[in-house]
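In TrEMBL this protein carries:
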DOMAIN    712-773  domain 'DYW'
REPEAT    92-126  repeat 'PPR'
REPEAT    162-192  repeat 'PPR'
REPEAT    193-227  repeat 'PPR'
REPEAT    365-395  repeat 'PPR'
REPEAT    396-430  repeat 'PPR'
REPEAT    466-496  repeat 'PPR'
REPEAT    497-531  repeat 'PPR'
Amino acid sequence: MLRANARRIVNISWNFNQEPYYNYISILDSCTETKQLAIGKSIHQHIIKHSRCNDNRSNLLDKLTRFYVSCSRVDLARQVFDLIPNSDRNDKVILWNQMIRAYAWNGPFEKAIDLYYEMVEYGVRPTNYTYPFVIKACSALQDVENGEKIHEHVKRQGLDGDVYVCTALVDFYAKCGLLVEARRVFDGMLQRDIVAWNAMISGCSTNGLYLEMKGLVLEMQENGLTLNSSTVVAILPAIAEANKLREGKAVHGYSMRRGFVNGVVVDTGILDVYAKCGWLNYAKKIFRVMSLKNEITRSAMIGAYVTCDSTQEGLELFEHMRMEDTGSPSPVMLATVIRACAKLNDMRRGRKMHGYTVKLGSNLDLMVSNTLLSMYAKCGRIDDALTFFEEMDLKDSVSFSAIIAGCVQNGHAEEALQIFQMMQSSGVEPESATVMGILPACSHLAALQLGVCTHGYSVVRGFTEDVSVCNALIDMYSKCGKNDIARIVFDKMSKRDVVSWNAMIAGYGVHGRGKEAISLFYDMQFVGQMPDDITFIGLLFACSHSGLVAEGKHWFFRMCEEFKISPRMDHYLCMVDLLGRAGLLDEAYGLVQNMPFIPDVRIWSALLAACRIHKHIALAEEVSNKIHYLGPESPGNFVLLSNLYTTAGRWDDAAHVRVKQKDSGFKKSPGCSWIEINGVVHAFVGGDQSHPGSAKINEKLKELSTEMKKLGYSAESSFVYQDVEEEEKEQILLYHSEKLAVAFALLNLDPSKSILVTKNLRVCVDCHSTLKYRRCTDAPVRRCEKLAMDGFKRGRGRPKKYCGKVIRQNTMQLQVIEDMTLDRRLWRTRIRVEGLVGS
């Protein structure tokens, strides 16, 4: 019938001027209702061709605009809309609303906002139907600036009590992560329908606020409203993330009773809950009985396999789908499969997936590219990851965060800082994931100034509300020797998880502050936070590096008996180190022999290190044989045994070990120390004279040596393991890397500032003694080594027997950090001035 009417219009007699207009209107209304794009376009062409009905031109254009909007052809709708004269268009607010709605639903979302401002500029008064659509566009873009402006317009129009407008505002603020603002709008609503409640519930759910979400659901029910399918969809993500299996089952049962389970979105949400809670069989059952399986459900099932450590089955499901030829997989599914390859560390299949995405053209999708980038990095192929990153045409914050994290995980902290510099110069703003990636790089290189600036930026952006970011800050400050600031960050956290407590306990442990670590562990129990196996590794480590032998034994026993945590290799490693440092070598050896599993090389290496400290040659030789039998050996073990022989004067045995080390292909890692001066990290190697300031550094060292000798310093030449004259031994000791770093700092830093030195190896006894002579200089020295840190002030240091006792010193207060630049552009400028970002 519709096609017949269209043909009649084409053949109509033009002797009757009015008839074509009414027929056009009738046919266009029918096309709009049935979304007959082809017929509607032919009518449009006919109107243009015959140029009739000029008296009613605006009305026809109005109808054509509505027709194209109904068919989601926003581009054609806009072309027709722009042809309507301003005088006619400005009288039709409904037409403006339709165009704004079309952009808000179909994009580009920016044009919905632009059209709104154009509407206001032309004097057309927005209505309560205009604002929900333009606010929806702001939500899609997470455009806080324009969203807040439009909220002000709403207030001036007196529409801040309208239920539709307020619901859109709640959704907007929630999607932008501004839950306080969302709740303020929600609480101010005079009337709330089910859509408004769902918007607020969804906001809490997607932002991980499970308890707040649960409270809202109960409050909604108390107000006489019943959960619908949209409510169920909204609450399922929070239940899944919180691993609330019991609540998930209750929602599943409710959905079955209400008939919601036949919907793809509800079924997928329930499947995800069971997967996140580890109930893979239930997830498989949900998937099996689904009446409709599409890309979304299949991607969810593959993701469920990956979540439940059945990654191989997930990949098999994907291969089965390809064999069934269900069509080209979506970017979401491809990203899920690539993540599965990364989890299995399966580079063969990962490269195959990379080739498959290129064949499909999906490698141009940013989400797929970012997942491929992460896969290469997580599989240890950092060179491939860097190459792929350079070849990416489009990069966002996820891309930069992935490659920065990959560089740090693969021991390329310097490259991570360079890429961070590139990120800033390209105008991409760091996100919380970027911060969590760059902070470990700051820790590794002792780049404290960059770490402090990153902390300031995190405060400005609100990232410090994220527990994971605060955990990374605690770790960074601890490893950079600022344990007191780490504690301030810890104390200011509004929420803490077990990782937060573990990080702070480990921070105390690495500084040898064992009693404070134990005190914090008691606090942990008092607030009801259950410790895990990592907690006890930090606690035992703290006891080991503080000489708290009895306490270490006590907590090892309580871990097994009271907390029912079975000791792992790392726990035994800490205990062997604890006993070995205390000189209880026979007890340590007995513990190793009675372990419930075969000790690995690390255990024997810890015992060998204790033998060297206490000069127990016979046991050291036996342990060395064990290490040689287990393999693979490390150069450190050869060095330990060689040094032990040297100390005992057995030069031939020491030389034999060195030859054996050389024949095995191992090289001793040279001692290297890093120090950050005005934002630039400087590296020094023992005896190296290649630094531009070497002449001044050497002169400063000789000056300090002279002053220290006047105060009673005597070089610990027994720890030079070369058979050379005493004077030459003193020269070797004088140019150790940490001494070069300290001398350089004294030449370039204000005397009142602390000196932070990081070293890849343990500091020798002579350097440890040297750094205690604080009276030769006004600057307190803080040294971080691979496993322990020392602070020296007022001429004091740790006992030689243990690693890590820290003398408290005045450090930068967190207030300074929080009062840092509040403008992101100034934050970036500060880093540039300090030399970390190129101009």
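Even glycines carry a Cβ here, placed using N, Cα and C.
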Distal contacts, the repeat 'PPR' (365-395) - CB-CB under 8 A, six or more residues away: 331-332, 334-335, 338-339, 341-342, 345, 347, 350, 353-354, 357, 402-403, 405-407, 409-410, 412, 415, 419, 426, 428
Summary of DSSP states over the repeat 'PPR' (162-192), given as helix, strand and coil counts: 22 helix, 0 strand, 9 coil
Counts by DSSP class (helix H/G/I, strand E/B, coil) across the repeat 'PPR' (193-227): 26 helix, 0 strand, 9 coil
Across the repeat 'PPR' (162-192), average pLDDT on the 0 to 100 scale: 91
